[in-house]
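Q: One structure follows; several queries about it will come next.
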Amino acid sequence: MQKFRVYGQSRLNGEVNISGAKNAALPILFAAILAEEPVKLTNVPELKDIDTTLKILQQLGVVTYRDEQGAVHLDASNINHFVAPYELVKTMRASIWALAPLVSRFKQGQVSLPGGCSIGARPVDLHISGLERLGAKIVLEEGYVKAFVDGQLIGKRIVIEKVSVGATLSIMIAATLAKGITVIENAAREPEITDTAVFLNKMGAKISGAGSDIITIEGVERLGGCEHSIVPDRIETGTFLVAAAISGGRIICKNTKASTLDAVIDKLRDAGAKIEVTENTITLDMQGNRPKAVNIRTEPYPGFPTDMQAQFTLLNMVAEGSSKITETIFENRFMHIPELIRMGGKAEIEGNTAFCHGVEYLSGAEVMATDLRASISLVLAGCIATGETIVDRIYHIDRGYEHIEKKLRGLGAKIERFTEKIVD
């Protein structure tokens, strides 16, 4: 089992290059199933979820490889298999995105449900209902979602009941080859959806309105190849900005896009950070000061992102003053708080709200990561705590942060990865 050992009391300063967004790369990789010609993608991060996606695509018959510059090449012209198997899907819920392009182009597709994933309790039902509205017949058998269509998907007006990034992407991807016009209402507006639409349009799709709550897709007969660069990762950017803010440091995030982070930047300014932005950089300077507490309420984009909630929970635990954090997007997303309390943080949880009371310092401890964003907050806590922090289950971090310890060390953090030997 791999773990991180972090030695604390580091002030994080310097420059960091932001990677491509995993949340754009994943749907774009699956959307490449639609292409009848080769596709080249640049700025694709090296992450476990990306590797899993490439393995799923290879299982379907897509030829994939990374060149010496790190670009990912895909050729889906000879897909001969239509099942995304459990042994790959079980580690990544985003695998459901394989279903839409398969049924759209090949009239059939099967994707295993991830372990423990009940359709009624997960947003997977929104993916399925969207495809059904386009004419797909879907059954759940033997742990697989099986979809097929007689003839062709047919464009429809689809109102998504609850704003969902995943469902918006599934419907948009499927509708590119549907007959007629599809209109998605109450669509999610995230930049990763816009990036996926840009990619699809480069291949010959006719999509308008991505980035707004109404997306229109005019179906086309086929999609060709293209080259595309993945949009920068706004959540990684926000994470490094918080890292500097909680440590009193100064950071320049390069290869990023400030316009996708307005809500986060506003809150960091409220916390006392001096921030300057250019077209592709963000500079944050805390000038050695402790942050001020800020209230947070997560909302769909362009509101405050749920994927930054854990990082700001940490910020509030070491800030001056008290704060209220309300999580409106996901349930059970405060699992990092008990671990931060073990490090000396002060907070109470009432339903979907956490009340944080800032302390001057945290103390190193052995803590356990529970999910991607919670785990990075524990690593950052270790960077500023007194003493040594051990973070367990860091495979969560490897799913979403490229070369994280290398980047943190470049900013002055004392962090190392090690493998703990299991004794019988």
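From the backbone N, Cα and C atoms, a Cβ is placed for every residue, glycine too.
Pulled the feature table from Swiss-Prot, pasting it below:
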- Cys117: active site, proton donor (ACT_SITE)
- Lys22, Asn23: phosphoenolpyruvate binding site (BINDING)
- Arg93, Arg122, Pro123, Val124, Asp125, Leu126, Lys162, Val163, Ser164, Val165, Asp307, Ile329: UDP-N-acetyl-alpha-D-glucosamine binding site (BINDING)
- Cys117: 2-(S-cysteinyl)pyruvic acid O-phosphothioketal (MOD_RES)
Q: Pop the Cα-Cα gap between Asn23 (phosphoenolpyruvate binding site) and Arg93 (UDP-N-acetyl-alpha-D-glucosamine binding site) into the table, whole Å please.
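A: So the Cα of Asn23 (phosphoenolpyruvate binding site) lies 12 Å away from that of Arg93 (UDP-N-acetyl-alpha-D-glucosamine binding site).
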Q: Any same-chain residues 6+ apart from Asn23 (phosphoenolpyruvate binding site) with CB under 8 Å of its CB? Would you list them in sequence order, or say none?
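A: Expected: Val165, Glu190, Glu192, Asp233, Ile235.
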Q: In which DSSP state, out of helix, strand and coil, do we find Lys162 (UDP-N-acetyl-alpha-D-glucosamine binding site)?
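A: For Lys162 (UDP-N-acetyl-alpha-D-glucosamine binding site) - judged by DSSP and reduced to three states - the answer is coil.
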Q: Please identify, from the binding-site residues Lys22, Arg93, Lys162, the residue with the sparsest Cβ neighbourhood, meaning fewest other Cβ atoms within 10 angstroms.
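A: It is Lys162 that, of the binding-site residues Lys22, Arg93, Lys162, has the fewest other Cβ atoms within 10 Å.
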Q: Would you mind ranking the binding-site residues Asp125, Asp307 by how many other Cβ atoms sit within 10 Å of each Cβ and giving me the lowest?
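A: Across Asp125, Asp307, these binding-site residues, the one with fewest Cβ atoms within 10 Å is Asp125.
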Q: Just to verify a number: CA distance, Lys22 (phosphoenolpyruvate binding site) to Lys162 (UDP-N-acetyl-alpha-D-glucosamine binding site), in angstrom, no decimals.
A: 23
Q: Could you tally the C-beta atoms, other than its own, that fall within 10 angstroms of the C-beta of Ser164 (UDP-N-acetyl-alpha-D-glucosamine binding site)?
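A: A count of 21.
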